[in-house]
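Written out below as structure tokens is the structure these notes cover.
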Amino acid sequence: MSSAVRIVEKQLDEILAIAKNPAQIRNAGTLAHVDHGKTTTSDSLLMGAGLLSPKVAGKALAMDYVPIEQLRQMTVKAANISLYFEYGGKPYLINFVDTPGHVDFTGHVTRSLRVMDGGLVVVDAVEGVMTQTETVVRQALEEYVRPVLFINKIDRLIKELRLSPQEIQQRILTIVKDFNALIDMFAPPEFKDKWKIDPGKGQMALGSALHKWGITIPMAQKAGIKFSNIVDAYEKGYVDQLAQEFPLYKTILSMIIEHIPPPNVAQKYRIPRLWRGELNSEVGKALLEADPNGPTVIAVSKVNKDPHAGLIATGRVFSGTIREGDEVYIIGRRLKKKVLQTYIYMGPSRIIVPYMPAGNIVALMGVDEARAGDTLVDPKFSEIPPFEKMRYISEPVVTVAIEPKNPAELARLVEALKDLVVEDPTLDLKIDQETGQILLSGVGTLHLEIATWLLKERTKTEFTVSPPLIRFRETVRERSQVWEGKSPNKHNRLYFYVEPLDETTIELIASREITEDQEPRERAKILREKAGWDTDEARGIWAIDDRYFNVIVDKTSGIQYLREIRDYIVQGFRWSMEAGPLAQEPMRGVKVVLVDAVVHEDPAHRGPAQIMPATKNAIFAAVLSARPTLLEPLMRLDIKVAPDYIGAVTSVLNKHRGKILDMTQQEYMAFLRAELPVLESFNISDELRAAAAGKIFWSMQFARWAPFPESMLGDFVKQLRKKKGLKEEIPKPTDFVEVY
């Protein structure tokens, strides 16, 4: 990469000159289903900016800079790069993010979207719009990111499917129609029509990233090119000529400049969606305008560990200008930090720059405590609200136990794991204080494979990884009676019942429409109007567990000293939600209600060691008397298969408790949408391939939590408890509280 860096340095002054003018900046990134050709497309763009030699582009996978990505030919992390490109006689700076397409890595996509204003959605011409395409487009539209379309692998339509020029045209129209249907479904109302793809306006390109050519309909019309000419180019062997006349990088970068808005335009509609502050304030106005002279506000989108420089935070400057030596305040962490260095990215290389103004993507050294999703501001404005929290679509549902072969290396391993979780918040780390057991949870088996590979690379230590275990959730199916929890010293008594939390409230928590730090009256109004809550109950919410979707409500009145122990009760609530009484799995969808309390007057007798166990024990007794059950994670499968094999594929799914939700058929392909428990998904790949003689594509992603089948529940909970070294028998309420 050293030659690449030299080329960049030559342009650094020019890049900084453009960076000051938001109209000449574009923030975009690739979004796609796995293997549809995003990274190969990105490499072609690097070639255009002189960062890769033409011979190498398309094979180099330069943006796949973690070695495992090159081995597996798949992007795992989101990589950033700033490109210099001249268009219509004007220089532009295009900040480009390459994101992973594999479903296990949607967390990286979510974080990248925060810094983009537009997304180049890459779709394989043969496979068309797939589940992951739908997921990333939906996420992009939720973040008000405008999509444009690149239909890749046109060569496959010609060489593999041997389609005629008319059939190719039909295939492209079908993909555009499917893509526009997603925009119709998920786009904000004011952009449903504006953001639909119109091929005639050049909002779609088609081509082959591998063969480095790409063309839009207006370009084709201008040059007098028809689909038959493209078919000829492949059949008569002059594809290189296509790549010379219509280089992919020029087509894509021109499309980005024309159809993706500059930051000062995009922020006018994105800021009201991403930031809940006062838009008429000094900060609000600067954010809407992407004003480089306004107060500094930066949204952090990812954090990476650098072996030499420590933690590097990457984010977008939404207003102001960040300079080396500036102090920033990390909202939410209540910390002031000094920026030691500012950089821009060129793939894996970071180039030091003296400053970066609003509208650009920047990397910062010195803000070690910042995390993905954090907001950094000028300390004079430390009171402003932060950017909205990021929503991760998938949840960690698969767990492995990690054990060092040499116990002396435990601390080193734990440190490295903590760094991994900082870099990738969709990983979940639990360390059992008593046994020292390390449990790492991820979104899928591949996610964990890559995390453990990175761990080995970084620590150079030997450790064992257990076979993957599935994470479950515990919940209740009815309202319990009231149970009394006594503190160990018998001086405090707390009375609780639990009941199921309704789906609407869970959705309001998931979409962050209601949050713990919201003004209580505003929150109560939303709960009353949208979820039918009673006013007093809605106002009595003490805490919202937005990780597992549970709430605790205070329904008492006039109890002495209750305010003094409120925090301890909330801590006891959170403690009990992390591992329920059935099988020590997290609780989900539970409303915990405090109805009465007797609190000792002396603070020495009502500390956390008294109140937390009393809370937890009463909640556990209540859960066990409210028809508790397990929820298991289901995956959604989207399958494309030759019609002759539908029967065989269906019987494989049935055997694994799968359920077909939808089926459509075209002449050479059938499309099935199904749900399948994660528990049943481990060896299904081989079975599906065998059933369809290899003629099958499919993709999986997390769908939802569903109740475990009643007929299998008792035995399964016992097995689960045994695996965890617990007593096999399911506990009774009286194991936690005294009954008179």
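Cβ coordinates are placed from backbone N, Cα and C, and glycine is handled just like the others.
What Swiss-Prot says about this one:
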DOMAIN    23-264  domain 'tr-type G'
BINDING   32-39, 98-102, 152-155  GTP binding site
MOD_RES   His605  diphthamide
Taken over the domain 'tr-type G' (23-264), the model's mean pLDDT: 78
C-beta crowding around His605 (diphthamide), within 10 angstroms: 14
Rounded inter-Cα distance in Å - Ile154 (GTP binding site), His605 (diphthamide): 74
Ile154 (GTP binding site), number of other Cβ atoms within 10 Å: 26
